[in-house]
Amino acid sequence: MALEQLCAVLKVLLITVLVVEGIAVAQKTQDGQNIGIKHIPATQCGIWVRTSNGGHFASPNYPDSYPPNKECIYILEAAPRQRIELTFDERYYIEPSFECRFDHLEIRDGPFGFSPLIDRYCGMKSPALIRSTGRFMWIKFSSDEELEGLGFRAKYSFIPDPDFTYLGGILNPIPDCQFELSGADGIVRSSQVEQEEKTKPGQAVDCIWTIKATPKAKIYLRFLDYQMEHSNECKRNFVAVYDGSSAIENLKAKFCSTVANDVMLKTGVGVIRMWADEGSRLSRFRMLFTSFVEPPCTSSTFFCHSNMCINNSLVCNGVQNCAYPWDENHCKEKKKAGLFEQITKTHGTIIGITSGIVLVLLIISILVQVKQPRKKVMACKTAFNKTGFQEVFDPPHYELFSLREKEISADLADLSEELDNYQKLRRSSTASRCIHDHHCGSQASSVKQSRTNLSSMELPFRNDFAQPQPMKTFNSTFKKSSYTFKQAHECPEQALEDRVMEEIPCEIYVRGRDDSAQASISIDF
């Protein structure tokens, strides 16, 4: 009895092994027949098969009921100048609700969840044919916690984009254009396409740059230059950034407007894709990539103060590798020192000679400026006298009389002699006053009085002149007696007395000053 039970168990095990082996052989045979078809293993979001011309995908557990509380996202991507057509099998059921608020299928025209909404679907009737306007389509399936259904199965294919039929569509193949970069940092630039002749002039550009960071590092991307020839026309030109691989589900950012922001990747592999059609070949970009690790930083790395640690070799290299310029902020002194050393080595002799010449000229100039004023002062002290000092600082008309010093001395001698004669005449004329009055009468007295008043009034008036006119040949005798000449024939004695009396104010003025006789004579002119 026990032997029979053991045989039965062995038979069951043998049958099970044969069934498993048969399934494995069948699977291998099917894989060999489907060359070029990529199978996505069964996951919580169902099966997704992709080919070069399209593919198909389904809801989880299809054709059985899908599980509750599920959310699956499918992003379809066609080649450039192509669009996507999406169809559903007739076996279709998603929990119906008003405006499909519960279980539903959401489809958008583009690669993002914020792309234009095509529609939301639910119920028992499968959607009609859906066609995208570009090369991307975003699809999301969502279920709530109750009332599950059969689900769906969809097929998609790629068709030529009618907007590019004049360029040949998919009949005009795009050349293969791929580049690879790696290391602590580097530059990704679109000009590399022309330099390496990856495409010919007039052809569209669809190039991919694959970046690999250093071990255990991530990638930071910063645009140094960016310009799209046709801004905001993503069909014609764009730059896309992928994180990890070039699969559409790894799309991190896409730029086709006028601004491109920095991108921080979560993996050590980044993919940059640039697309530009035949009419957008002037589009360009230049991007810096930097490998970084997260803190804490080691001794061989530099802390960027932005959750980044970069290699020490990137510090003060003239390029901003950190998100903020911490790695280049304290490098000014070092750069200036290096520049000074370079100038000293190459032009030290010229700078030294020039500096010496300038220094010598400066010293000579200072000595000349200091020594020249001292010579003038010494000369003045040596030849200084009161008369010369007075002549320099008195008004200019005093210098004119100093030039005629000899003539003035002779005139002063005559004046002194006349004054002496006047004194003698006055003493002798006292006794003969009556005789004098009898001959000249009261008229002479009035004339004398008027002459005396005239000379006394004339003196202060002439003293007010600041600068006398240039004098002619000096003749004091003629000038001082000219106004009495007309009356000399009437009374010679009175005329002589009047002439001498006119000089009395001048004599008083001369005696009242200590300067010289030059000032008294200048008043008469």
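Including glycine, each Cβ sits where the backbone N, Cα and C put it.
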Disulphide partner cysteine [Swiss-Prot] for C297, chosen from C309, C316: C309
Among S143, S299, S409, residue with annotation phosphoserine (source: Swiss-Prot): S409
Swiss-Prot annotation, disulfide partner of C304 among C316, C322: C322
Listed as N-linked glycosylation site by Swiss-Prot, one of N311, N385: N311
Local Cβ density at C304 (disulfide bond) - other Cβ atoms counted within 10 Å: 24
Cα-Cα distance linking C256 (disulfide bond) and C207 (disulfide bond), given in Å to the nearest integer: 15
For the domain 'CUB 2' (177-292), residues assigned helix / strand / coil by DSSP: 7 helix, 59 strand, 50 coil
Among C45, C72, N311, C316, C331, which are recorded as recorded positions, the nearest neighbour of C234 (disulfide bond) by Cα: C72
Residues near C177 (disulfide bond) in space but at least six apart in sequence (CB under 8 A): V193, K198, T199, V205, D206, C207, I208
Conformational class of C309 (disulfide bond) under the three-state DSSP mapping: strand
